[in-house]
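Structure first, commentary second.
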Amino acid sequence: MGTARLRKLQLLLLLGAWRALGGAARCRVTLVLSPQKATSAVCRSSEATQDSELATLRMRLGRHEELLRALQRRAAEGGALADEVRALREHSLTLNTRLGQLRAQLQQEARAEPDLGAEPAAALGLLAERALDAEAEARRTTARLQQLDAQLREHAQLMSQHSSLLGRLQRACAGPERGQQQVLPLPLAPLVPLSLVGSASNTSRRLDQTPEHQREQSLRQQGPPSSLLPTGHLAVPTRPVGPWRDCAEAHGAGHWQSGVYDLRLGRRVVAVWCEQQQEGGGWTVIQRRQDGSVNFFTNWQHYKAGFGRPEGEYWLGLEPVHQVTSRGDHELLILLEDWGGRAARAHYDSFSLEPESDHYRLRLGQYHGDAGDSLSWHNDKPFSTVDRDRDSYSGNCALYHRGGWWYHACAHSNLNGVWYHGGHYRSRYQDGVYWAEFRGGAYSLKKAVMLTRLVRL
């Protein structure tokens, strides 16, 4: 606008000068105008071209809106996960506080009455069982918290990628492509705050640093297990058609993949883990320890019926094992692994349990293997729990060793003890998951599996 006025002023001055000279002489006036830069788009498109460009813009806008809706759905899912993480974190802290109170109460009562009678010992055993139940619940809650932590990180990463893609598309649409008009930026959905994800991880680390760290499970997600020790961290396939007589029958029918199978034991159908690849397959897993997620310090009825999940830590049950081993001659295989990754095996060429009327007494054959024989000392002994004491010791071995087993006076092995993290542990009693001939009684093993199958002729 200022440039136009300047030109007009120059023209008026020239006309005034010409008139002042009386118009006697004719002058030729040449105006030199500086070139001006265009400040707005110059449209040379025809109506058909404009319609085509408008259709292209609408198509791109539609794709933007579709991406935005997907991003908003992700944000909603992330918000729900964030709420669940907050609730689980609060629950974990509450469980941790309760667990500390139970431990303090247990230690106080143990110091107050060192020589326990039958009734106080049973009461103390129940108190210890409650403490271990609280520990197992805390471990499960923390594992769930870490799983949600991983999901939150994944969602945050995906949403960041979507936001970056939307930004690139917006910049491309806003560029000077054939005189197109600029597209207004789309509003982006807010990302899941990384501070929340970090706080979940910090909570998990705080649980690992509790004074009783030896009792806490490994909170890192287990990687794919070795073929030596079957575990439930792998995806469980659909169960083959059953129920089967035993895992060997399923293996003989062509089901060679390890997983959960249904076995018919008497009038019951029981879900078990069949190990179909270890040493020829056909093995029924009757016990597994791997992460401390299940409390094995429990009573007679639980040990009789079984507890845990076949794809994770579990005890098949004394009665189901009796039913399995009463169907012909069976062998027993025990697989062990320490915290350094060293594996060992113990094999017994015959194995069975007597019925409940004989307290599920253990019957073993000859030992073979490289783990050392730490179970034959328990041969011909009845099963004992904290509420059914049938060992040869004047006290209660199940109370001191924190788990049911075929105790003598008391034990050279106990694979049903407390799962301590890291191997060597400090405890008033020898109550870890141990095999005396393999790493000793003061070392709690990382993994232990007991398997049985029909003897193959």
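Just so you know, the numbers here start at 1 and follow the chain as drawn.
Any Cβ shown, glycine's included, is placed from N, Cα and C.
Keep in mind it's a predicted model, so treat the numbers as computed, not measured.
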> Which one of these stretches, 126-164, 243-281, 282-320, 321-359, shows up in Swiss-Prot as coiled coil?
Replying inline: 126-164
>> Quick test of your reading of Swiss-Prot: among 24-50, 51-77, 402-428, where does it put coiled coil?
In response: 51-77
> Which residue, out of the disulfide-bonded residues Cys247, Cys274, Cys410, shows the minimum number of other Cβ atoms inside 10 Å of its Cβ in this structure?
Replying inline: Cys410
> From the Cα of Cys397 (disulfide bond) across to the Cα of Cys274 (disulfide bond), what is the distance in angstrom?
Replying inline: 31
> Roughly where does the coiled coil (126-164) sit in mean pLDDT, to the nearest integer?
Replying inline: 68
> What kind of secondary structure is Cys274 (disulfide bond) part of, going by DSSP in three states?
Replying inline: strand
> Measuring Cα to Cα, how many angstrom lie between Cys410 (disulfide bond) and Cys247 (disulfide bond)?
Replying inline: 33
